[in-house]
Amino acid sequence: MKTLYSLRRYFHVETLFNSTLVVGGRDQESTGFAWWAGNARLINLSGKLLGAHVAHAGLIVFWAGAMNLFEVAHFVPEKPMYEQGLILLPHLAALGYGVGPGGEVLDTFPYFVSGVLHLISSAVLGFGGVYHSLIGPETLEESYPFFGYLWKDKNKMTTILGIHLVLLGIGAWLLVWKAMYFGGVYDTWAPGGGDVRVISYPTYDPSVIFGYLLKSPFGGDGWIISVDNMEDVIGGHIWIGTTLIIGGFFHIFTKPFAWARRAFVWSGEAYLSYSLASVSLMAFIAAVFVWFNNTVYPSEFFGPTGPEASQAQAFTFLVRDQRLGANIASAQGPTGLGKYLMRSPTGEIIFGGETMRFWDMRAPWVEPLRGPNGLDLSKLKNDIQPWQERRSAEYMTHAPLGSLNSVGGVATEINSTNFVNPRSWLATSHYVLGFFFFVGHLWHAGRARAAAAGFEKGIDRDTEPVLSMRPLD
């Protein structure tokens, strides 16, 4: 009678049309997974799984190196980075490599070196991946017990977690050392329009650093995305780096507490689901960060934020019309509100027109023109610098309006080329990928919990009444 219904009731993988198909010596019968399930076939083969992960890392680093060199080869120094579809060079520039005052690219050689180093690293990782996939031991527990593990070994799992946390902490400290001792980083707030600057006095005050975490994520509060100076950015990395390292050693030298042993599912698929959730959360934060923040993501490299481009337009026409004789303080727009300047709900002098909605936007090119009560009328009449005019005019025509697939954009280029601001690419892609990773988390978390409960292969139907009923035909 059991042959009357599909074996899929009992097995959570599809049955192959050709059950003799064997890929890499891992058939469905011996692993419970078909060839397209990929690394799932290697769940209990730590040596082969190591090979898969090292090879995967090699592919990632190869892409980084190859794309890096591709961007270097196509880079035009006379044009802003955000006009050239670049997504890697802006990050290197923000770290202070190859740039000078105003974000001008002075030397592309550091970018070339970065690409070559990534390619060399990818070759080493690729060799290691092939070796461990084809030649190395299938399992590591016997030959290399330090690198071996069992998914249900809770102490070993938290030790591995601790090692990862220490490595992440070292990564955070690498940025700190670069900013403080190895040439500095690019600071968009440096006087005169931004420059590479050594961060000599990072913020150590925990009330400031953790104050960001306690802020509301809504409206003008902005949670950690509201950080607006490099001292706080580097100070935050000191705190998070130190916390990660301390937490890492804690997990290395301790065993999980009883409540943790009870609360978590301890299996390979459960750890995968936890990781996917973490990456998803980071992707969502990154999407909002790159969309709104112009300190960590300087507009000189990533293009203006939406509010910044809007305010830049108001500023550009204020400058133009003031030169033509307009009285910027008293001129009225079609609605009776100030055409160039008006007051915010709390009394500050702000730009007028539609950009009033972005009245609390902060950007390096406009902050020098503010006084104790918003924009300073005297400074607007007498102290506007040429670099501020040039930058606002550039930002006005490069708003982040395009979509992920380049539809839309701003038709400000000749030859019908629509511009897509890198912030559009980075924010949209991270949001979409963050969503996919979250769905992956739900999928694998559900499977892991079902497996822990003992019914991942379907509920036992031996006692169902339908089994004793007459067949339909």
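If you go along the chain as it appears here, the first residue is 1 and each next one adds 1.
Just so you know, glycine gets a Cβ as well, placed from its N, Cα and C.
For reference, Swiss-Prot has these:
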type     : residues : note
BINDING  : GLU367   : [CaMn4O5] cluster binding site
MOD_RES  : THR15    : N-acetylthreonine
MOD_RES  : THR15    : phosphothreonine
TRANSMEM : 69-93    : transmembrane segment
TRANSMEM : 134-155  : transmembrane segment
TRANSMEM : 178-200  : transmembrane segment
TRANSMEM : 255-275  : transmembrane segment
TRANSMEM : 291-312  : transmembrane segment
TRANSMEM : 447-471  : transmembrane segment
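Touching of the transmembrane segment (255-275) and the transmembrane segment (69-93) is ruled out by the presence of fewer than three CB pairs under 8 A, sequence neighbours closer than 6 excluded. Through the fold, the transmembrane segment (69-93) approaches residues 99, 103, 105, 108, 110-112, 114-116, 119, 186, 297-303, 394, 398, 419-422, 425-426 of its own chain, all at least 6 residues removed from its boundaries and within a Cβ separation under 8 Å. The C-beta environment of GLU367 ([CaMn4O5] cluster binding site), restricted to residues of the same chain at least 6 apart in sequence and closer than 8 Å, consists of TRP189.
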